[in-house]
Amino acid sequence: CAQAAEAPRMSESVPFLQYPEQLDGWVGGEKGFDPLQCTDALPVYMTREAELKHGRVCMLATVGWIATDLGARFPGDLFQNVSTVEAHNKMVEAGIMGPFLATIAVYEVYGGWLCFQGWEGNINREAGDFFLGKNFLPKDKDQARSMRLKELENSRLAMLAFSGIA
């Protein structure tokens, strides 16, 4: 008598794909969202780090783009009457983007260093934690996990939203 093969566990978020077992224990992992199967090739820690970084940038970019389109401007003549599409090039021409570039470079180098520590297995922090936001999380572990899941889902939404705007 042949035993029936047990059906593989399917992803909740992408029901036609198998559940990626590597996501067990990660915030949002219970939904099994890895449609490109990145975690088959890379550590979950690294992919989550990248997902959070790009998601946070897109959340800020989406809000900034919409606010600019609605008329929000920094004070000063330089910032007035500049469309969202023209803003980057106008600010580069004015020399304002240098400090932003320097700040971003510092965070990228720091983030890369932290990420490669995770690659080697020397993980002493959660993916995406730059030691700035623990005070903003609820003290209750379940509520903190819920907030992390909301950030992850909103990050994914913002990445899609900004790709549609720009």
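Cβ atoms are placed via backbone N, Cα and C, with glycine included.
Annotations in TrEMBL come from automatic prediction, not curation.
Bear in mind that the values here come from a model prediction, so they are computed numbers and not experimental data.
Annotated features in TrEMBL:
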| type | residues | note |
| --- | --- | --- |
| BINDING | E51, H54, E151, N154 | chlorophyll a 1 binding site |
| BINDING | R56, V92 | chlorophyll b 1 binding site |
| BINDING | K150 | chlorophyll a 3 binding site |
| BINDING | R156 | chlorophyll b 2 binding site |
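Within 10 Å of the C-beta of K150 (chlorophyll a 3 binding site) there are 12 other C-beta atoms, taking all protein chains into account. The shortest Cα-Cα distance between H54 (chlorophyll a 1 binding site) and any of the binding-site residues V92, K150, R156 is the one to R156. Within 10 Å of V92 (chlorophyll b 1 binding site), judged by CA to CA distance, lies none of the binding-site residues E51, K150, E151.
Rounded to a whole number, the C-alpha distance linking R156 (chlorophyll b 2 binding site) with E51 (chlorophyll a 1 binding site) is 8 angstrom.
R56 (chlorophyll b 1 binding site) sits 12 Å from K150 (chlorophyll a 3 binding site), taking the Cα positions as reference. One way to see the shell of the chlorophyll a 1 site is to take the Cβ centroid of E51, H54, E151, N154; the remaining same-chain residues with a Cβ within 8 Å of it are L52, G55, R56, C58, M59, G128, L152, E153, S155, R156, A158, M159.
Here the CA atom of the residue listed as 'chlorophyll a 3 binding site' lies 13 Å from the CA atom of E51 (chlorophyll a 1 binding site). Residue pairs drawn from E51, H54, E151, N154, the listed chlorophyll a 1 binders, are separated by up to 12 Å at the Cα level.
Around the Cβ of V92 (chlorophyll b 1 binding site), the number of neighbouring Cβ atoms within 10 Å comes to 13. Spatially close to N154 (chlorophyll a 1 binding site) yet at least six residues away along the chain are G55, M59, judged by Cβ distances under 8 angstroms.
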